[in-house]
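Peer 1: Quick paste of what Swiss-Prot says about this protein:
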{"type": "COMPBIAS", "residues": "1-14", "note": "compositional bias 'Basic and acidic residues'"}
{"type": "COMPBIAS", "residues": "15-50", "note": "compositional bias 'Low complexity'"}
{"type": "DOMAIN", "residues": "100-353", "note": "domain 'ABC transporter 1'"}
{"type": "BINDING", "residues": "144-151, 828-835", "note": "ATP binding site"}
{"type": "TRANSMEM", "residues": "479-499", "note": "transmembrane segment"}
{"type": "TRANSMEM", "residues": "509-529", "note": "transmembrane segment"}
{"type": "TRANSMEM", "residues": "558-578", "note": "transmembrane segment"}
{"type": "TRANSMEM", "residues": "585-605", "note": "transmembrane segment"}
{"type": "TRANSMEM", "residues": "615-635", "note": "transmembrane segment"}
{"type": "TRANSMEM", "residues": "640-660", "note": "transmembrane segment"}
{"type": "TRANSMEM", "residues": "724-744", "note": "transmembrane segment"}
{"type": "TRANSMEM", "residues": "1122-1142", "note": "transmembrane segment"}
{"type": "TRANSMEM", "residues": "1206-1226", "note": "transmembrane segment"}
{"type": "TRANSMEM", "residues": "1235-1255", "note": "transmembrane segment"}
{"type": "TRANSMEM", "residues": "1265-1285", "note": "transmembrane segment"}
{"type": "TRANSMEM", "residues": "1364-1384", "note": "transmembrane segment"}
Amino acid sequence: MEDKNNIELQEKAPDNYNNNNNNNNNNNNNNNNNNNNNNNNNNNNNNDINNNDDDNNKIIYQNPTPASSSHIDSIEIDINYDLSNHIKQRVTQNKTGMFVSANNISYYIPKSIKKGESEELSKLYLLNNISFTMKPGRMILLMGIPGAGKSLLLKVLGNRLGKGKIEGELKFNNHEVDETTHQRDTIFVSQDDRHIALLTVRETLEFSAKCNMGENVSQEEQSERVDLVLDQLGLSHTSNTIIGNQFFRGISGGQKRRVTIANEFTKRSPNLILMDEPSTGLDSATSYNVISKVKTIAKEAKASVMVSLLQPSVELTNLFDDILILGEGGNLIYFGELNNLLPYFSSIGLAPLPNQPLAEFMQEVSVEPSKYMITDKIELSSKDGGDDESKSLLLGGADSGNVEKMDLVKLFKESELNQKTIQSMQQLIPSDIKVSDHLIKKLETGDNGKSSVRYELKHLLARHIKVMKIMKMQYAVRFFQAIFMGCVIGSLFVKMGFTQADARNRFGLVYFAMVLHIWTTIGSVEEFFTLRGIFDDQKDSKYYRNFPYFLSLVITKIPISLIEAILFSSCCYWIAGFQARVDNFIVFILGMALTNLIAQGIFQVTSAFTSAQLLASLICPAIVVLFMIMSGYMISRLQIPGWWIWLNALSPLRYVIDMVSSNELYGLEFHCSPMEKIPPSNYPLLNVSYADGGYQGNQICQYSTGSDFLNQFGFSDNSYMRWVDIVIILGFVCTFFFIFFLGVKYIRFENKKPPRQIKLKKKKEKKDKKDKEVKHKWNGCYMTFQNLNYVVPSVKDNKETGKKEKVTLELLKDVNGFIVPGMCALMGPSGAGKSTLMDVLAKRKNVGTITGDIRINGQLVKDMNITRFTGYVEQQDILSANLTVREAIEFSANCRLPSSYLQKDRVKLIDEILSVLSLTKMQNTTIGPNPTLGISLANRKKVSIGIELASDPHLIFLDEPTSGLDSSAALKVMNCVKKIAESGRTVVCTIHQPSQEIFEKFDQLLLLDKGKVIYFGDTGDNSSTVIQHFTSAGYQYEHGRNPADFILEIAEHPPSTGQSASDYFKSSIHYSNSIQRLESKTIVPEGVDVPKYKGKYSAPATAQLHSLVKRGWLNHVRRPQTILLRFLRSFIPAIVIGTLFLRLDNDQTGARNRIALVFLGFLFGGMASIGKVPTIVEDRSVYYRESSAGTYPAHLYILASVITDLPMMVLTAFSYWIPMFFLTGLTLGDHGWKFFFSLSVYLLVIMCYDSLATLFALTLPTIPIAILVSGVGLNFLGLFGGFFIPVNNIPRGWIWMHYLVFSKYGLETLSITELKGEPFFCEEDQYSIIPIAGTNFTKKYCAIQSGDTMLLQYGMNDAYDRQFYNLIILGGYFCAYTFLGYLALRFINHMKR
């Protein structure tokens, strides 16, 4: 770049700078005098995008060197030149572009009406009779109040309609919308930034380019497009950084927004560009940069553009050619050229207020037209001799007393401007133009813009495999679990023999292995919901067809299922001693893999047809457990009542267990041990003579072959049926995945919902006008820091040895400064150390080493409980979704204010906070889980600030308070912050690229670069002090430029030669003055007290507990759908089980089924507990934030959780046990004591399951891993509880585990309660027939004549005396799990700083 032209231009820089000063001043004056001259003035601006002059497309600034240097280097930045050339090379000369005409279009949603009502009421209109045109090369700015229909209009133009219908005429190049090409030709940037968190920026854009550009475009051209987009949107330096989310740290909110924009701009033919609030999260300079590039694309590619913006700056507004304003109800207020906007509104008697931004006027004129009536101009014209005709023109015929009732819609509809628009539609474009006339170069003949299914599938698989590689830890846990559980189960059934018990154990092992492979896949629910929003966006943009996406999900699951099955089977099969045949082993592996795929199918189908992950997590376990019950193991198919036999046939698990059981047992011979023969060896009548009623020593072995056992359960007793079962199972798998495909293709849940309003009863209070004023005046803090250094341990690759070695990274280097009451900005480029410095000052770092001196009001911070008088607003707005705005702030106040604060003072404080933050109108609105389903991003940030203000702090830290906000929302937030600072507090903000208006609100600035200070001091009036510092160093500042952008570019582009910015600062007067003040200790004024507090927490424990319990309860009751599902999830299975075992008799079957009933109740309890894991993990992040702020201690959080969860546990226990108990006819006992006792025991078991799931959720890092480990825990509880394997048959090496699991004590207690002393009998077909040797006689034998016999078989006969003690043991388990959960919460933090 350093050619002669550049050098010549650099030498003239000082003169140009002075000229620019004068020109800009003149332009500013013109702008103030007449708003209508904005466009003309901006044409003179060097940054005007419409000017193609090379000089005007370049910003020149100088690298710093000492002021005396004779040579000054420069850096030249070309804004849109590369982009323009790139487009020109690819656009045909005769390209016409896309003309859009909308003639009286309306959009409505059909709704049901009552008989007799008008048909008009059956249509809910969201857009109403809108007419406008879009022309290639022109840009339309779409404005309107929230809810006016801006997003909806863009979706209509983008052919992204929901359930509604369109009326009117909408044509593209005089043709109806072409479903096959419209999305390919249209760039649509939605409001939501939804990306795969673990992919890098480049990987995300490469995938978009492959989908958008198609298989006919070379890899080189795709890569070139990605590089161009990265460069044009300023993402090149973050191209290899992952996107990130709340669990994985990645790029910033503003950068995510730019990635969303970049995704769409990888398309080949941008003929129609639609952007829905693209500036959200971007500062004003970046917003201007992005829209200016869109302007270039519009001109060079002949694209038609419509962009909705929320209060854009004047410079941004002037980039647009036309304005379209929507009013309430989706009505058109104005459409026309920007130059005609003010004259039109003036003609109807309306105009902006003095010094009011034009965007604000456009946004609000439809709400309060009376506010903008030109009364003063009318009076002025009268004084100046203006005639009546001019007055009439200004008022537009409106009655001055009724301006607020003006029908702006009707006025515009009848205006000459609108009539011209309608007339122009007839002559917009030639009638014979083809839709294909606007295509870009290099499209082959016959190319319809679609890639082949094979191409789409290939890249979808590649993307999914990338994500799987990144998530290798999760899959490693699954594989390790498969090996571990294979060894555990194998060793538990080690080398099974051929006794009767060994035969039954084979069934138990098969069933349990099947259950294990079901619960390892439940994490797919979370995976589906993570990808759903991304898929919906890409589906709308026609990135790929539904089928390749569905196929990629299925294909990537098959190898995982197969590997998991092989690992498990290789351990379990051979250790347990199954048949040593290759075909049997392969069938066993196939059985486990198919079980895995069946579970995947069930979970995916449920997820596709439910709206939220929590609902799917509640429903999935209930469905799977019903299939498990009907599999034929828990209750034989021969015993299932006729009204439920169809469910047995529909249970895919029935065919799995049939296949694997027949595969193992068919062809085997079994015998009886002495105690297994009938009658048993210890039976009193065994050796008694037949004449005396005995058996004369005769015994039989009831089952001698594997077929006998298979027939007992109703399973197939042949070898070929296993292959038939495999085909049937594959049919189920295909059916489930086909239904899943239908759900993916046709089911779409609309995410946009208005935040919920909570109606609260207001107490009547006498209002005093004085109370509206902010009465509190705080004494801010004076913070000083000297010689501050911060190092962290790290690992680095040694290039010489190739090994990793431990190193230390110095993140802060010799930082000195002080902060006084007011606002101080911590600024610097990415990685400069802004957030690090603030965390160090706020005592928030939990890793690394800090050295130096930090004091507040003269006292060392390390000796202070800083959370008592400081507030810290984190960058991520982690809020309780179900609380209202007021309740969230009130919760913080009640937990963090001392008891000396009277209730009326708390209410006043909260009212003041709401007023200062402009949240009063929405104080009773629920916050919601995210900006899509709750309050906006800006209001969420305000609530975060309000929560910290509720602690009445003297010093407030704010980490990137404008992150993710557009320029207007950021300004509103910072206005609130300024009010806070003006109340006497000290405010410290990290902030990245603020607008000029925001930057000038700060009193102090500390600028960092790579951990070093390059400026510290006052900002000065209009930032004059900081600008003077850098201009004196040789940097050139252009008048009118944002000072924040100026100093950040200095930090981002250090000089290649000469003195560094940090060295120059150390030689400056600012540095010497600050060091002198620090050393002389004159910063803290006399009389300023040191904050002194006793204890870590301000509020008493009772107040904190009360607030936590109240919040926890509101979290439950404001999710009525979840409560209903909890009830139905227990009640429906209870009805199924109750009718399955309806009115149990005291026969042999009834005896065995009683214990099975108890175990099934445990199974449901365990499944129910897994459903709460996602909620706990999400709520955990709220605790981390509040704990860091010193809101309450961990033990109160756990205690409150127990108290508020207890009613839900009672609901779960009662809604299952009560209907099941009475339907099955279990024994009531005297005065019903057995019923109440068993209900109490079951409740304790449910509490143990819930507390164990809570422990896993608090201990483990992510939802999938927590659910996976919870499943393993449930497997252990079932395996060692004493049902699958009676305690007498558990190997000696595992007996300790039997006594360790709480399910043992619950099963034992309930079984004894139900069976002890209960008589049983045999039906005629249930007797065993014993032949008497040497005679022709036989004698019947009834195996179970008393419940004690069943208890003996399960090894529970010695536990009679422990029946009531087990209640204490179960309570102890609940307390132990709760205490371990407290320790996990207290000492394990998955959000590292």
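Note: Cβ is positioned from N, Cα and C throughout, glycine not excepted.
Mind mapping these onto the model and telling me what they sit next to?
Peer 2: According to its DSSP assignment, Pro146 (ATP binding site) is coil.
Within the chain, the transmembrane segment (479-499) has long-range Cβ neighbours (under 8 A, six or more residues past its boundaries) at 505-506, 508-509, 512-513, 516, 520, 563-565, 567-578, 668-673, 676, 1268, 1272, 1275, 1279, 1285, 1290-1291, 1293-1294.
Same-chain residues lying 6+ beyond the ends of the transmembrane segment (509-529) with a Cβ under 8 Å from its Cβ atoms: 474, 478, 481-482, 485, 489, 493, 496, 557, 561, 564-565, 568, 572, 576, 591-593, 595-596, 598-600, 603-604, 606-608, 612-613, 616-617, 620-621, 624, 628, 631, 633, 653, 656-657, 660-661, 664, 1170, 1174, 1263-1265, 1267-1268, 1271-1272, 1274-1275, 1278-1279, 1284.
Residues 510, 513-514, 517-522, 524-525, 528, 553, 557-558, 561-562, 564-566, 568-569, 573, 578, 616, 620, 623-624, 627, 652-653, 656, 659-660, 663-664, 722, 726, 729-730, 732-733, 735-737, 739-740, 743 of the same chain lie 6 or more positions beyond the ends of the transmembrane segment (585-605) yet place their CB under 8 Å from a CB of it.
Within its own chain, the transmembrane segment (615-635) is flanked in space by residues 507, 511, 514-515, 518, 522, 525, 528-529, 599, 602-603, 606-607, 644, 647-648, 650-654, 656-658, 713-715, 1121-1122, 1125-1126, 1129, 1132-1133, 1136-1137, 1140-1141, 1153, 1156, 1159-1160, 1163-1164, 1167-1168, 1170-1171, 1173-1174, which lie at least six positions past its ends and keep a Cβ under 8 Å from the stretch.
Long-range contacts of the transmembrane segment (724-744) within its own chain (CB-CB distance under 8 A, at least 6 residues past either end) are made by residues 535, 546-547, 549-550, 554, 587, 590, 594, 597-598, 601-602, 604-605, 608-609, 652, 655-656, 658-659, 662, 716.
Counting same-chain residues at least six beyond the ends of the transmembrane segment (1206-1226), those with a Cβ under 8 angstroms from any Cβ of the stretch are 1116, 1123, 1126-1127, 1129-1131, 1133-1135, 1137-1139, 1141-1144, 1154, 1157, 1161, 1164-1165, 1168, 1234-1235, 1238-1239, 1242-1243, 1246-1247, 1250, 1314.
With a cut-off of 8 Å between Cβ atoms, the residues of this chain six or more beyond the transmembrane segment (1235-1255) that come close are 1161-1162, 1165-1166, 1168-1170, 1172-1173, 1176, 1201-1202, 1205-1206, 1209-1210, 1212-1214, 1216-1218, 1221, 1226, 1228-1229, 1270, 1273, 1302-1303, 1306, 1309-1310, 1313-1314, 1366-1367, 1370-1371, 1373-1374, 1377-1378, 1380-1381, 1384.
Residues 474, 477-478, 481, 485, 488-489, 492-493, 505, 508, 511-512, 515-516, 519-520, 522-523, 526, 1155-1156, 1159, 1162-1163, 1166-1167, 1169-1170, 1173-1174, 1177, 1252-1253, 1256-1257, 1259, 1294, 1297-1298, 1300-1304, 1306-1308, 1354-1356 of the same chain lie 6+ residues outside the transmembrane segment (1265-1285) yet bring a C-beta within less than 8 angstroms of a C-beta in it.
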Peer 1: Under 8 Å Cβ-Cβ from Ala832 (ATP binding site), six or more apart in the same chain: what's there?
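Peer 2: Spatial neighbours, sequence-distant, of Ala832 (ATP binding site): Leu1008, Asp1009, Lys1010, Gly1011, Ala1051.
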Peer 1: Using a threshold of three or more Cβ pairs below 8 Å, and leaving out pairs closer than 6 in sequence, do the transmembrane segment (558-578) and the transmembrane segment (640-660) count as in contact?
Peer 2: no
Peer 1: Within the domain 'ABC transporter 1' (100-353), what mean pLDDT does the predicted structure show?
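Peer 2: Averaged over the domain 'ABC transporter 1' (100-353), the predicted model reaches a pLDDT of 87.
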Peer 1: If you draw a 10 Å sphere around the Cβ of Lys150 (ATP binding site), how many other Cβ atoms fall inside it, taking every protein chain shown into account?
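Peer 2: Taking all protein chains shown, Lys150 (ATP binding site) has 25 Cβ neighbours within 10 Å.
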Peer 1: Which of the three DSSP-derived classes (helix, strand, coil) applies to Lys834 (ATP binding site)?
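Peer 2: DSSP assigns Lys834 (ATP binding site) to helix.
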Peer 1: Which entry in the list of binding-site residues, Gly144, Pro146, Gly828, has its Cβ near the fewest other Cβ atoms, using 10 Å as the limit?
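Peer 2: Each of the binding-site residues Gly144, Pro146, Gly828 was scored by Cβ atoms within 10 Å; lowest is Pro146.
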Peer 1: If you draw a 10 Å sphere on the Cβ of Ala148 (ATP binding site), how many other Cβ atoms land inside?
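Peer 2: Its Cβ shell of radius 10 Å holds 25 other Cβ atoms.
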Peer 1: Enumerate same-chain residues with a sequence separation of six or more from Ser830 (ATP binding site) and a Cβ-Cβ distance below 8 A; give 'none' if the list is empty.
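Peer 2: Counting only residues 6 or more apart in sequence, the Cβ neighbours of Ser830 (ATP binding site) under 8 Å are His237, Thr238, Ser252, His992.
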Peer 1: Determine, from DSSP, whether Gly828 (ATP binding site) sits in helix, strand or coil.
Peer 2: coil
Peer 1: Within 10 Å of the Cβ of Lys834 (ATP binding site), how many other Cβ atoms can be counted across all chains shown?
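Peer 2: Around Lys834 (ATP binding site), other Cβ atoms within 10 Å: 23.
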